[in-house]
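Contents: one structure, followed by commentary.
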Amino acid sequence: MRTFSYLIALIWSCMFHVIHTIPSQKRTNKHAHSERITGLSENDGETLHRTKRGWMWNQFFLLEEYTGPDTQYVGKLHTDQDKGDGNLKYILTGDGAGSLFIIDENTGDIHAAKKLDREEKSLYVLRAKAIDRKTGRQVEPESEFIIKIHDINDNEPKFTKDMYTASIPEMSRVGTSVIQVTATDADDANYGNSAKVVYSILQGQPYFSVDPETGIIKTALPDMSRENREQYQVVIQAKDMGGQMGGLSGTTTVNITLTDVNNNPPRFPQSTYQFSSPESASPGTPLGRIKANDPDVGENAEIEYNISNGDGSDMFDIITDKDSQEGIITVKKHLDFENKMLYTLRVEATNTHPDPRFLQLGSFKDTASVKISVEDIDEPPVFGRPWYLIEVDEDAKEGSIIGQVVAQDPDITKNAIKYSVDRHTDLDRIFNIYSGNGSLFISKPLDREETPWHNITVIATEINNPKQSSQIPVFIRILDINDHAPEFAKYYETFVCENAKAGQLIQTVSAVDKDEPLRGHRFFFELVPEFAVQPNFSIVDNKDNTAGIMTRRNGYSRSKMSTYLLPIIIFDNDYPIQSSTGTLTIRVCACDSRGNMQSCNAEALLLPAGLSTGALVAILLCIIILLVLVVLFMALKRQRKKEPLIISKDDVRDNIVTYNDEGGGEEDTQAFDIGTLRNPEAREENKLRRDVIPETIFQIRRTAPLWENIDVQDFIHRRLKENDLDPAAPPYDSLATYAYEGNDSIANSLSSLESLTTEGNQDYDYLSDWGPQFKKLADMYGGEESD
């Protein structure tokens, strides 16, 4: 490399030397003109002539990645103005000047100061000039030249991805494109073969191949099956220098996956399947699962199951489980062991998404045989029909049989059955049933008008196994008989105007009947025979279950007769004929000229001028207000609480209750009844104290009755003894006092209250005869009047 640099320098030196030795006239031939410059110098006024520069520039070439010990020589700058005396200075500017490229300012030699990389920058543009050191002027105009970096093969090919992922359907033909890989080389593609890349396969044969120029990976084997192998790893190499020895290379990995196609039909792992089901299984009950295997995946493995034929195709069904791709066999109808014990089905499994390219391989379905055995169980009794309807006349006698229900045991054993009525459906116990044969009979009278329908439930139970039972509804319709008489449809308020004319319709009546005859109702109306000759009113049957009440005379008087009673007989047309008598009350009223009722009270005739309605309402309100005030006053008076006998909350045993009540003496029998003491039976029984709540309430002991003529003193002693022995008596320190005055006094009453009734002075001389005890009184009243 150094020799090459020297060679370049030598060539440039010779070139510069030749140019320098050529006369000026010849050198300027290449440039068609010369430049005249006029300027100031030491000899003013002297014209200076300067020609074009004496060097020729094209471009320099420099190899990249120079690894020599010295700096790499680029070239030399030289001008014919350089006399070799050191007066000129060479200056270099532009790309990399001073850092990458340095120039000897005295000689003009250019060197590369660093190792260059063409891949980073392949072209450098620089400018050179020579100046006079003394004057600082350019002796030559600034000139531009190029340094181009020559490429060497220092970069290996690189793939755009470190790893590629691709997929291709299985069973693809040979040569089917899979993916294209691309590698790039950073070297110069225009200089040699450094950037010419060739592709080759290092791993993945014989399944795949690669185009050496385009990098397209293709299949190399036919009918590659995903079921045999799904994943492949292929290693591709990219080598520069056209793949020649010494070239650089790079590799990448391509993961190739074979995608599934529907090239495999479903296959049952076994030809026959066995299942069993109890005969009591309800429709929809699953019995088992079967599955056909399909090595494909996704929608290519989706299978649909169906029953193609067999004697149980109408008794069983099969559905497809989309998640597990299994066929679920279910019960379609109720099974009966006694009817059929074994069923055989032919089940078919078919792909739902077949691929037409592989239909030539065969049918994409498979079949298997399924046998289902029915197991016998103890079943409840079965009725011959789903429900019963029985009709019975409402006048049927008690004990009459009205119908029969029948049930049988469906099992082979044919167990005996007993019948009963569910009493929750017949709370009144109107019906009953014979347990042996299921005959229903009446236990109580029927009434269609009260309950026209009876809905009961009959239970059939196996005698040997009471747990096995079944129920059936029985609807009993009560048929009507004509046992009710027709009557007025409503209460009629009928009136006749005083100014009514004969033959005037005053009321239309109709009738109703609780019975419901099959031919419909037909009623007839007529007057009671005793009133058949009625001078006031008549009745006209309208033949449509209504009748009209007509007047028979002109004018009616309230003063003479304010109300008329008109008895009417109503007949029906059913058998037996029923009839009833309804009385129509007809009031005589005052009416206006249009027949509108104004007043129907006879008293209104006696009151020429009465109170208005507003006055009557006001009086009524006043009375109500007075009554409310009285009631409130009484209620407040009753709610007034009485003052308790004992106000203190302390113990009541040491309290003394004072009663400031003074009697009127022995003659005052209104204040106190002494008979209470003489009649022990008159006291209140079981009367407890109100001021103390006893901890234990004892039953008050009844005492033996006393005679009415017993002495009061003896009675008091007995009461004291009873209180001492009575545990329910008041506390021990309470007083139970019985006052006793003794026998009647021989003296009459000493009260002076009766003295006012006497008209004159009384004689008190008899006081002296009473003894010394009354001497003081005799002196006071018997003596003469004192001052």
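The backbone N, Cα and C atoms fix where each Cβ goes, glycine too.
Record note: among 261-287, 288-314, 261-287 is the stretch given as region 'Disordered' by TrEMBL. Using a Cβ-Cβ cut-off under 8 Å and counting only residues 6 or more beyond its ends in the same chain, the region 'Disordered' (261-287) has close neighbours at 169-171, 225-227, 293-296, 300, 303, 316, 328-337, 347, 349-351, 353-355, 357-358, 361-377, 379. For the domain 'Cadherin' (488-605), DSSP puts the residue distribution at 7 helix, 53 strand, 58 coil. Over the domain 'Cadherin' (160-268) the predicted model carries a mean pLDDT of 89.
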